[in-house]
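Some notes on the structure that comes next.
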Amino acid sequence: MNPYILAILLFGLGLGTTITFASSHWLLAWMGLEMNTLAIIPLMAQHHHPRAVEATTKYFLTQAAAAATLLFASITNAWLTGQWEIQQITHPLPTTMITLALALKIGLAPLHAWLPEVLQGLDLTTGLILSTWQKLAPFALILQIQPSNSTILIILGLASTLIGGWGGLNQTQLRKILAYSSIAHLGWMILVLQFSPSITLLTLLTYFIMTFSTFLVFKLNKSTNINTLATSWAKAPALTALTPLILLSLGGLPPLTGFMPKWLILQELAKQGLAPTATLAALSALLSLYFYLRLSYAMALTISPNNLTGTTPWRLPSTQLTYPLATSTAMTICLLPLTPAISALLTP
């Protein structure tokens, strides 16, 4: 892609998110979300491959439906209450509709079906943008409206953690596994949103760091399914030794960084008298942990078979930047002891 066009598209992505962050009016927020969607579509379709075009079409239709619902709900709110302020939304009908529209935008269960299919059709770089940056603007709106109907958030959160765990169990494609991982993590964030927005922000931040590391590892190894992970030891032995730690951190295993948000969320849910919800969420984390362990086993504990498809590929030295991967990997593995300091920084 032409670097000028790429720069314009990335600028459009940043501007759309910034407009949604800064807006106090529903029309302006909707405009920012639309700019975000329109800026990422050429990035998704840049490889003229039927799978990429199909994924782009699915993404566009889903996001357009969510944006139309959001616009309809905000107009309904203006009709019922006479104002367009984001933080002044009080009527339960538009609140529920807006919550569901934003849930569709970020891929929360049971409105999640588009996310694995879309992510599977993209290259890893665009998939990384879709899994991280594209979540920011809808999350900003969810945090601002603070839906008063807490039951919907609990249902969305629990459904996402369970479906994110179950869905990834029988997958062999890494991008689909990462999509279900994203659904499960978003479920954890939504569960605790109404009780402690600061913990939700902390979870979002750690999810971004861990997902960034995972996508960059797969990009460095040019891996798209579990079988190609078995040859990664010959490409980058040190990284292959560290990757299981990154994956287990995504699964939330102590003493790695990914344990921090899960620990704080379970603690907060127990404080709010939601012990059964916390128990279900903790059990669903075991499902996610299983498929991360499966990836770790395929990558670090198996030797690739010596047939034509399993032999180590001939390759040139990698020209990819490794500093971002090194930084995010260190943070993914080592941030747990800093939990009190990070919590203090994020607590208003």
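Keep in mind that glycine also has a Cβ here, set from the backbone N, Cα and C atoms.
Record note: among 31-50, 151-170, 151-170 is the stretch given as transmembrane segment by TrEMBL.
Residues belonging to the domain 'NADH dehydrogenase subunit 2 C-terminal' (289-342) score a mean pLDDT of 79 in the model. When each of 92-115, 151-170, 177-195, 233-253, 273-293 is scored by its Cβ pairs under 8 Å to the transmembrane segment (201-221), the top-ranked stretch turns out to be 233-253.
Counting Cβ pairs under 8 Å to the transmembrane segment (233-253), the stretch among 92-115, 151-170, 177-195, 273-293 with the most such contacts is 273-293.
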